[in-house]
Amino acid sequence: EQILRIEIQKLEFKEEQQTLKIKAGLEREQQLENLLKQAQQMLEESEYAMFNDNERQQQREMQFRNDKEKERDNLIDEEKDRWKFRSRMSGWDQNRPGLQQSQSQGSFQGSLHGFPSSSSIDSQSSLREDSPVKITSTTKSPQQPIIQNQNRDSAEEQLLLLDRNQRNILLNDKMQELAVIVSELGRMPAASANAMKQRQRKEELTQRQEEVERDIISLKKSLRTEKEDK
(Lines of atoms letter the chains of each structure in order from A and count residues from 1; the text may use other names and numbers.)
(Lines give C-alpha, C1' and ligand atoms only; values in the text may rest on other atoms or scores of the structure.)
Protein backbone atom coordinates (compact mmCIF):
# COMPACT_ATOMS: atom_id res chain seq x y z
CA GLU A 1 0.00 0.00 0.00
CA GLN A 2 2.86 2.34 0.81
CA ILE A 3 4.52 1.51 -2.49
CA LEU A 4 1.25 2.18 -4.28
CA ARG A 5 0.99 5.63 -2.67
CA ILE A 6 4.53 6.46 -3.75
CA GLU A 7 3.74 5.47 -7.35
CA ILE A 8 0.60 7.61 -7.28
CA GLN A 9 2.62 10.59 -5.99
CA LYS A 10 5.13 10.05 -8.77
CA LEU A 11 2.35 10.04 -11.35
CA GLU A 12 0.81 13.19 -9.84
CA PHE A 13 4.22 14.88 -9.87
CA LYS A 14 4.79 13.95 -13.51
CA GLU A 15 1.31 15.13 -14.38
CA GLU A 16 1.94 18.42 -12.59
CA GLN A 17 5.25 18.82 -14.44
CA GLN A 18 3.50 18.11 -17.68
CA THR A 19 0.86 20.68 -16.85
CA LEU A 20 3.54 23.23 -16.02
CA LYS A 21 5.31 22.47 -19.29
CA ILE A 22 2.09 22.88 -21.21
CA LYS A 23 1.36 26.11 -19.38
CA ALA A 24 4.89 27.40 -20.03
CA GLY A 25 4.57 26.41 -23.64
CA LEU A 26 1.27 28.29 -23.95
CA GLU A 27 2.78 31.34 -22.32
CA ARG A 28 5.78 31.15 -24.64
CA GLU A 29 3.49 30.72 -27.60
CA GLN A 30 1.50 33.76 -26.47
CA GLN A 31 4.67 35.79 -26.12
CA LEU A 32 5.80 34.76 -29.58
CA GLU A 33 2.39 35.64 -30.96
CA ASN A 34 2.57 39.07 -29.33
CA LEU A 35 6.07 39.63 -30.71
CA LEU A 36 4.84 38.60 -34.13
CA LYS A 37 1.94 41.06 -33.91
CA GLN A 38 4.28 43.83 -32.84
CA ALA A 39 6.64 43.05 -35.71
CA GLN A 40 3.72 43.00 -38.15
CA GLN A 41 2.49 46.34 -36.84
CA MET A 42 5.97 47.86 -37.07
CA LEU A 43 6.28 46.56 -40.63
CA GLU A 44 2.93 48.04 -41.62
CA GLU A 45 3.82 51.37 -40.03
CA SER A 46 7.17 51.34 -41.80
CA GLU A 47 5.54 50.54 -45.15
CA TYR A 48 2.95 53.26 -44.58
CA ALA A 49 5.69 55.74 -43.67
CA MET A 50 7.67 54.74 -46.75
CA PHE A 51 4.55 55.12 -48.86
CA ASN A 52 3.95 58.57 -47.42
CA ASP A 53 7.58 59.50 -47.98
CA ASN A 54 7.40 58.27 -51.56
CA GLU A 55 4.14 60.12 -52.12
CA ARG A 56 5.59 63.30 -50.64
CA GLN A 57 8.72 62.84 -52.73
CA GLN A 58 6.60 62.38 -55.85
CA GLN A 59 4.59 65.47 -54.97
CA ARG A 60 7.81 67.44 -54.48
CA GLU A 61 9.18 66.16 -57.79
CA MET A 62 5.91 66.99 -59.52
CA GLN A 63 5.90 70.48 -58.00
CA PHE A 64 9.52 70.92 -59.05
CA ARG A 65 8.69 69.84 -62.61
CA ASN A 66 5.68 72.15 -62.67
CA ASP A 67 7.81 75.05 -61.45
CA LYS A 68 10.44 74.31 -64.09
CA GLU A 69 7.81 74.06 -66.82
CA LYS A 70 6.24 77.32 -65.66
CA GLU A 71 9.65 78.99 -65.60
CA ARG A 72 10.38 77.65 -69.08
CA ASP A 73 6.98 78.85 -70.34
CA ASN A 74 7.64 82.28 -68.85
CA LEU A 75 11.03 82.42 -70.55
CA ILE A 76 9.44 81.36 -73.84
CA ASP A 77 6.74 84.01 -73.45
CA GLU A 78 9.34 86.66 -72.65
CA GLU A 79 11.41 85.62 -75.66
CA LYS A 80 8.28 85.71 -77.84
CA ASP A 81 7.49 89.19 -76.56
CA ARG A 82 11.03 90.34 -77.26
CA TRP A 83 10.91 88.75 -80.70
CA LYS A 84 7.58 90.42 -81.47
CA PHE A 85 8.92 93.75 -80.22
CA ARG A 86 12.10 93.44 -82.31
CA SER A 87 10.07 92.34 -85.33
CA ARG A 88 7.67 95.22 -84.87
CA MET A 89 10.51 97.69 -84.41
CA SER A 90 12.51 96.36 -87.36
CA GLY A 91 9.41 96.54 -89.50
CA TRP A 92 8.93 100.29 -89.11
CA ASP A 93 9.10 101.83 -92.59
CA GLN A 94 11.46 99.07 -93.71
CA ASN A 95 10.43 99.75 -97.30
CA ARG A 96 11.76 103.29 -97.13
CA PRO A 97 14.91 103.55 -99.32
CA GLY A 98 16.79 105.57 -96.70
CA LEU A 99 16.37 103.06 -93.87
CA GLN A 100 19.21 100.70 -94.78
CA GLN A 101 21.39 103.66 -95.69
CA SER A 102 20.71 105.33 -92.35
CA GLN A 103 21.54 102.14 -90.49
CA SER A 104 24.76 101.52 -92.43
CA GLN A 105 25.93 105.08 -91.90
CA GLY A 106 25.39 104.81 -88.16
CA SER A 107 23.53 108.09 -88.22
CA PHE A 108 21.38 107.39 -85.19
CA GLN A 109 22.78 109.54 -82.42
CA GLY A 110 21.80 112.13 -79.84
CA SER A 111 18.27 112.77 -78.58
CA LEU A 112 15.58 115.37 -78.45
CA HIS A 113 17.50 117.03 -75.65
CA GLY A 114 19.85 118.23 -78.41
CA PHE A 115 17.69 116.98 -81.27
CA PRO A 116 20.39 115.03 -83.16
CA SER A 117 18.45 112.86 -85.55
CA SER A 118 18.61 111.06 -88.85
CA SER A 119 15.60 113.12 -89.89
CA SER A 120 15.26 114.02 -93.52
CA ILE A 121 14.04 117.53 -92.65
CA ASP A 122 16.02 119.87 -94.88
CA SER A 123 17.09 123.42 -94.45
CA GLN A 124 14.14 124.58 -96.59
CA SER A 125 11.59 123.39 -94.01
CA SER A 126 8.86 125.73 -92.93
CA LEU A 127 10.24 126.84 -89.58
CA ARG A 128 9.34 130.22 -88.23
CA GLU A 129 11.92 132.87 -89.05
CA ASP A 130 12.38 133.76 -85.41
CA SER A 131 12.76 130.13 -84.37
CA PRO A 132 15.65 129.38 -81.99
CA VAL A 133 15.90 125.99 -83.65
CA LYS A 134 18.02 125.76 -86.76
CA ILE A 135 18.98 122.84 -88.94
CA THR A 136 22.54 122.06 -89.91
CA SER A 137 24.27 118.99 -91.27
CA THR A 138 26.74 116.73 -89.50
CA THR A 139 30.29 116.05 -90.53
CA LYS A 140 29.70 112.29 -90.26
CA SER A 141 26.55 112.32 -92.36
CA PRO A 142 26.39 115.48 -94.47
CA GLN A 143 23.06 114.39 -95.89
CA GLN A 144 21.58 113.85 -92.49
CA PRO A 145 20.45 117.09 -90.76
CA ILE A 146 20.74 117.76 -87.07
CA ILE A 147 18.34 119.99 -85.18
CA GLN A 148 20.35 122.00 -82.69
CA ASN A 149 18.98 123.76 -79.67
CA GLN A 150 20.57 127.22 -79.78
CA ASN A 151 18.74 128.69 -76.77
CA ARG A 152 18.60 125.45 -74.76
CA ASP A 153 14.80 125.43 -74.71
CA SER A 154 13.06 122.29 -73.50
CA ALA A 155 12.40 119.48 -75.97
CA GLU A 156 8.66 120.02 -75.69
CA GLU A 157 8.98 123.72 -76.54
CA GLN A 158 11.19 122.96 -79.51
CA LEU A 159 8.68 120.44 -80.83
CA LEU A 160 6.11 123.22 -81.10
CA LEU A 161 8.42 124.97 -83.53
CA LEU A 162 8.17 122.04 -85.96
CA ASP A 163 5.13 121.47 -88.13
CA ARG A 164 3.22 118.20 -87.99
CA ASN A 165 4.92 116.73 -91.05
CA GLN A 166 8.39 117.39 -89.61
CA ARG A 167 7.42 115.80 -86.31
CA ASN A 168 6.08 112.73 -88.10
CA ILE A 169 9.33 112.39 -90.01
CA LEU A 170 11.31 112.80 -86.80
CA LEU A 171 9.10 110.22 -85.08
CA ASN A 172 9.70 107.71 -87.88
CA ASP A 173 13.44 108.27 -87.63
CA LYS A 174 13.34 107.75 -83.89
CA MET A 175 11.38 104.52 -84.34
CA GLN A 176 13.97 103.31 -86.84
CA GLU A 177 16.76 104.23 -84.46
CA LEU A 178 15.05 102.35 -81.63
CA ALA A 179 14.73 99.29 -83.90
CA VAL A 180 18.46 99.39 -84.66
CA ILE A 181 19.37 99.69 -80.97
CA VAL A 182 17.07 96.83 -79.96
CA SER A 183 18.40 94.68 -82.78
CA GLU A 184 22.02 95.30 -81.79
CA LEU A 185 21.29 94.60 -78.13
CA GLY A 186 19.56 91.38 -79.11
CA ARG A 187 22.54 90.23 -81.17
CA MET A 188 25.06 90.80 -78.39
CA PRO A 189 26.55 87.47 -77.20
CA ALA A 190 26.29 86.47 -73.55
CA ALA A 191 30.07 86.17 -73.28
CA SER A 192 32.81 87.75 -75.35
CA ALA A 193 36.56 88.07 -75.40
CA ASN A 194 36.19 91.83 -75.18
CA ALA A 195 33.85 91.73 -72.20
CA MET A 196 34.74 95.22 -70.96
CA LYS A 197 34.29 96.79 -74.38
CA GLN A 198 31.04 94.93 -74.91
CA ARG A 199 29.73 95.98 -71.49
CA GLN A 200 30.59 99.60 -72.24
CA ARG A 201 28.84 99.35 -75.61
CA LYS A 202 25.80 97.77 -74.00
CA GLU A 203 25.59 100.56 -71.41
CA GLU A 204 25.82 103.16 -74.18
CA LEU A 205 23.10 101.44 -76.19
CA THR A 206 20.85 101.07 -73.15
CA GLN A 207 21.26 104.74 -72.25
CA ARG A 208 20.61 105.72 -75.85
CA GLN A 209 17.55 103.48 -75.96
CA GLU A 210 16.09 105.25 -72.91
CA GLU A 211 16.71 108.64 -74.50
CA VAL A 212 15.10 107.60 -77.79
CA GLU A 213 12.09 106.14 -76.00
CA ARG A 214 11.64 109.45 -74.14
CA ASP A 215 11.91 111.28 -77.45
CA ILE A 216 9.26 109.05 -79.01
CA ILE A 217 6.94 109.66 -76.07
CA SER A 218 7.45 113.43 -76.38
CA LEU A 219 6.80 113.35 -80.13
CA LYS A 220 3.67 111.25 -79.82
CA LYS A 221 2.45 113.45 -76.99
CA SER A 222 2.95 116.62 -79.06
CA LEU A 223 1.19 115.09 -82.07
CA ARG A 224 -1.68 113.88 -79.92
CA THR A 225 -2.01 117.26 -78.19
CA GLU A 226 -2.08 119.05 -81.53
CA LYS A 227 -4.76 116.69 -82.81
CA GLU A 228 -6.89 117.22 -79.69
CA ASP A 229 -6.50 120.98 -80.00
CA LYS A 230 -7.76 120.84 -83.56
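The count begins at 1 with the first shown residue.
Glycine is no exception: its Cβ is also placed from the backbone N, Cα and C atoms.
What TrEMBL says about this one:
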COMPBIAS  53-84  compositional bias 'Basic and acidic residues'
COMPBIAS  98-126  compositional bias 'Low complexity'
COMPBIAS  134-151  compositional bias 'Polar residues'
COMPBIAS  201-213  compositional bias 'Basic and acidic residues'
REGION    46-151  region 'Disordered'
REGION    191-213  region 'Disordered'
Helix-strand-coil residue split for the region 'Disordered' (191-213), DSSP-based:
19 helix, 0 strand, 4 coil
Could you give me the DSSP helix, strand and coil counts for the compositional bias 'Basic and acidic residues' (53-84)?
32 helix, 0 strand, 0 coil
